[in-house]
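In TrEMBL this protein carries:
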DOMAIN    612-777  domain 'SSD'
SIGNAL    1-29  signal peptide
TRANSMEM  250-275  transmembrane segment
TRANSMEM  335-353  transmembrane segment
TRANSMEM  613-634  transmembrane segment
TRANSMEM  646-670  transmembrane segment
TRANSMEM  676-699  transmembrane segment
TRANSMEM  719-746  transmembrane segment
TRANSMEM  752-777  transmembrane segment
TRANSMEM  819-845  transmembrane segment
TRANSMEM  1095-1114  transmembrane segment
TRANSMEM  1121-1143  transmembrane segment
TRANSMEM  1193-1212  transmembrane segment
TRANSMEM  1224-1247  transmembrane segment
Amino acid sequence: LDNTHLNWLLTLLLDLFLLFIDPARLVLGQHYQRLKQVCPMLDQGEGTTSACCSLLQLSSLEQSLKLSKVVLLRCPSCADNFAHIHCITTCSSNQSQIVNITRTMMVNNSGTEKEAVVGYQAYVSKSFADGSFKSCRNVRIPVTGGYAIATMCGPYGADHCTAQRWLDFQGDSSNGLAPLDIDFRLIPPDYTEGLPSGVVPYAGRALGCNETTPTGEQACSCQDCKEACPAVPPLEPLPEPFMIGNLDGNLVICLIVFCALSLLFLGFLLAKCIIQTKQRKKANKDNNGNEVEGHPFVYPMDVTWTENASLATQEFLGSLFQLWGTTMAKHPLKVLLVCLVVVVAFAVGLMHIELTTDPIQLWSAPNSRARREKDFQDRHFEPFFRTNQLILTAPNRPSHTYDSLLFGKQNFSGIISKDLILQLLQLQERIQKIEFWSDEMNQTVSLKDICYAPLNPGNASLTDCAVNSLPQYFQNSVKNLDAKANMTKLGVTKEVDWRDHFIYCVNSPLSFKDITALGMSCMADYGGPVFPFLAVGGYEDNEYTIAEALIMTFSLNNYPRNHSKFKLVEKWESMFLEIVQDYEKNPNTNFTFAYMAERSLEDEINRTTAEDIPIFMISYLVIFVYIAVALGEYSSCRRLLVDSKILVGLGGILVVGCSVLASMGFYAWIGIPSSLVILQVVPFLVLAVGADNIFIFVLEYQRDMRHPGETREEHIGRVLGTVAPSMFLCSLSECVCFFLGALSTMPAVKSFALYAAMAVLMDFLLQMTAFVALLSLDARRQDSNRCELGCCITVSKPCSSKPKEGFLLPFMRQYYAPFLLNSFIRIVVMIVFLLMFCSSIFLMFHLKVGLDQELAMPKDSYMLEYFKYLYKYFEVGVPTYFITTKGFNFTSIAGINAVCSSVGCDQFSLSQKIRYATEYPERSYLAIPASSWVDDFIDWLNPGSDCCRLYTFGPNTGEFCPASETRPICWTKCKKTPTDGVLRPTVEEFNRFLPNFLSNRPDLKCPKGGLGAYDTAVVQDENGDIIASRFMAYHTPLTNSQEFSAALQMARELAHNITMAMRKIPGTSKDFEVFPYTVTYVFYEQYLSIVPEGLFNMFMCLLPTFVVCCILLGMDLLSGLLNLLTIVMITVDTVGVMTLWGIDYNAVSLINLVTAVGISVEFVSHLTRSFALSILPTHVERAKEATAKMGSAVFAGVAMTNLPGIVVLAFAKAQLIQIFFFRLNLVITLLGMAHGLVFLPVLLSFFGGKWSPEGSSPRPGLKHLPTVCGAMCTVREIMSQMCSIGLKSGEWTGQSIASIVL
């Protein structure tokens, strides 16, 4: 309503309050009917009812009441009490006993000067006033979720409103609503002192909000009246933490398990010691008890079927790889050419690679519930608008006290000062003036072209754009900020200024006019209210004047990425950031602030990714240098360039790189997208696997002496036949592990598993082909004594004929293995690792699940400061929508009652249940009830307001007439007043008037109009059926991923409860659903299921590791179980250290844990196989040999390859890389090395499988198998030694040999 019309209306009403000093008159006929309609509480029956108001005054009273009753009509008893107060002061026959006139003025009434009342005192009993106030204090405004009383109590808002303050506001003509000044005097019972002569305070009875009205209108709903609420069972208490006594129950159980395992282990040692002591007494004695020399004999029948299978498997694999290696070594150039062609063929697919950077596509499965719900929301409603925001503080500014005429002394923080508000306004105007040329649109683009304009979306001007800030309380006008006026109250005259207006507006943001002499509106220039939590922050108990921060928010339309305006929005946001960053650098800036644009998250992630690429390059370079140096042989300075392995190391790196490229190219060919996580993790994983195999192969080749008459190629083939089964075991385990990991529903984990599996497979194939060829070429060069970097230069010094063991192998054989496998040290190691394992199980229960969005930012990102400010100063959380799908009949009375929350609605309707949830914000994470278009539609239809009228005259007769139509041509109401107060439209009325409601712009006469609030909240199909609608509530402030996940879970539980209830309404489809949606749910849904998802992925990785190990070791179940146990311990201990080091469990962690299984296989399986195939007589000796020979290769190939590259990642800027790649990979590598090189040898020395059956009957002649060839002896050599011994003693036959081979 414009000010001109408002002033005219108030003048009209003022003219009608003329002073008449006469007795009350009997009201009859139309006059009586009108009184009965407007003031039914004064009705004494026709012919006996007297009143002190004319028919015209009744009409003016009705119009005056409508302005306030429009927000109270949803609670009939409240509306009745509100009317009761004003009816008894205006029309009561005992008016002279209630009213004391204090001020009059002469007015011109129809050409005659008459005395009009402009101020009076109204004496009302305090009990009646308190009862009336109590019936109205909980009435809601559905569109905001707030209380109607907040708009009717001036600066006090809902929290500090009382009956006296409520009535004072009603009687204050400066509020723009009251036609004259009324000084309400609330008189306690039996109080007469100081009352004017003849005054008798009105002591009528106020209706309770849970009572029906005298006219038969039903009681208010629970939403508006706590007394009307049904008995709701109390919430179940939160589960108590698991305790045993005063200790953590999980800790007690873990301690018990540790003690039990330790005692079992010590008991096992004691029993073993006793048995071995008894066996020693019987050892080396014949059947007569005489001591004999020699060792226990091995009979063919003592060899088990698993040992037969193991021998046959190793013989088959060894022979196969030996033949393969010899062939590859004989034709190196051809092999390299074929490999190059294959890699290039795969890598060409990179031209079609699709790099996924959208977090939604990375972490949320396309068929997940959150994605389906997001797709539904985006398909039926406009995407949530884009936010560009500044949060400003002024920490060094002094506070001050302002003595307000209206509000008393008020403390103002330093930032709530006029000069800073003006500076904020200047910055706001500078941002609003952003313009740029668009070639796509062939025009200059400004904010109005892309902004969110809720009240004028079709043809927005700059002032229609939704900009929320403190200057909006002054309509962004410097003139309004500078405005001052003298005002008198209670005989005191003072100047009022912007501070009085600010205090009023933050407490009554829906007001069109304040109560100060300034008379300014609180509404923003775009026509909507600015709620205080959107303008200021960092306050307590709604004390807005002491706020510590100012908030300014620009809302833009959120166009799809393929929309022509999407680039325009991003361009505007980049210019917004430039202005803000330039303003921040200005030395004259008085603000300390944080800021963000909608594009900021993606920009910062892309920036840090680009900046950290050199770190990864350096990491790979360090690894290459290490491999090249570590593989070299340094027996003589003169042969340094001959025996170095720079080209071999480079070839190994190229093999890894080619395998990654081939994997990426292959999946690009078939259309599976890649991601930055794959680019960062997969090369490290393949490098760990590939480098380990390279070291094992090259070191074995260097340590092995060429047999007499054996060619170079045959030598390479024989070495490959020795080590390739171990390499095959690890690579196959990892491939199957990762391929099964692709069963994950999480897109990032699934794509990572696929890429990793293919990369490991390609790496193994290229090692078996290209790397063997490279080693053959390098061996040919080395045999010719040619320098590596200068092939034409030869060295005269011949190559040493001694085996080249290097430094690590002798050290581990002579010092490390004997020390580790010392009897006492072995026991200590077992106890320590058992303690680590049990401790890690306990720590797993305290691992945090989630990924805070701050961690995705680099340490120098401006977004970190923004998140800090956001969590500190924002007083409300993100909005969340409760969305209904197709299949519910909103037009039926039962359907309306199941949704609404006003009078006559179901006690457990959709809106009511959401309101109940807000009563427990610490459990539901909901702070503000949902806005309900159904409720406001019902109120909009109510004939008690002027919202829904029809043209009575003119060409539009019978058509909808908006409240903004001021001509007296709209007398017909859309609906008649219901006798019971429960207004429900018919199906025809619902379908007819709903579009009018949704397009009706709210104003002073009709604040219930749906434009801006609901015009996009209801979606109808071509038949007019509602196929989607939404109800917006607000979460409490959420500060971390745990709270976001819990909020999602609680919202879903609430929505499911609502769905089940609404499906019981007749006519509701079985697939109808209510679901919650907000922009963050799609990111945090994964954390609701990531624990079982992770367990499934880990199980799918560990199972094939065990199965493949057993099969390739000839069904050696014990070796497979020990192998599996060690990998499980590495994984569990990794999770335990994650808890200690503050590494949360999330999708990135899960990817690294899957990687941990693959790397653990490298640390463990090689050594397990080496132990299983060793032919030394005792467990300890076999463990020593495996530790020295294979452990040295694993240490050099896995641990020392990973560690230098991992350490370099500590210098990355991205926190995500520092935490989840540096920290986590460092933990995985160190724990893998500790378990593989410390725990596993000790475990095998106690529980490892037996090669030679112990306890066989001793017979002279056949000794234990000789150990001339060591752990890597070929099966053919073992068999020849067995046969030679068997022939000498007559114990081995051809049949027994064949049985072992088969």
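From the backbone N, Cα and C atoms, a Cβ is placed for every residue, glycine too.
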Given the transmembrane segment (250-275), its same-chain partners at Cβ distance under 8 Å and 6+ residues beyond its ends are 242, 244, 827, 830-831, 834-835, 838-839, 841-842, 845, 1246
**Prompt:** Can you find at least 3 Cβ pairs under 8 Å between the transmembrane segment (646-670) and the transmembrane segment (335-353), where each pair is 6 or more residues apart in sequence?
**Reply:** yes
Taken over the domain 'SSD' (612-777), the predicted model's pLDDT averages 83
Listed stretches 335-353, 676-699, 752-777, 819-845, 1193-1212 vs the transmembrane segment (1121-1143), most Cβ pairs under 8 Å: range 819-845
Among 335-353, 613-634, 676-699, 719-746, 1193-1212, the most Cβ pairs under 8 Å with the transmembrane segment (1095-1114) come from 719-746
Ask   = At least three Cβ pairs under 8 Å linking the transmembrane segment (1193-1212) and the transmembrane segment (719-746), pairs spaced 6 or more in sequence?
value = no
Relative to the transmembrane segment (719-746), the stretch among 335-353, 613-634, 676-699, 752-777 with the most Cβ pairs under 8 Å is 752-777
Listed stretches 335-353, 613-634, 752-777 vs the transmembrane segment (676-699), most Cβ pairs under 8 Å: range 752-777
Per the Cβ under 8 Å criterion, with at least 6 residues separating them from its ends, the transmembrane segment (613-634) contacts 640, 643-646, 648-650, 652-653, 680, 683, 687, 691, 694-695, 698-699, 702, 804, 806, 1196, 1200-1202, 1204-1206, 1208-1209, 1211-1212, 1217
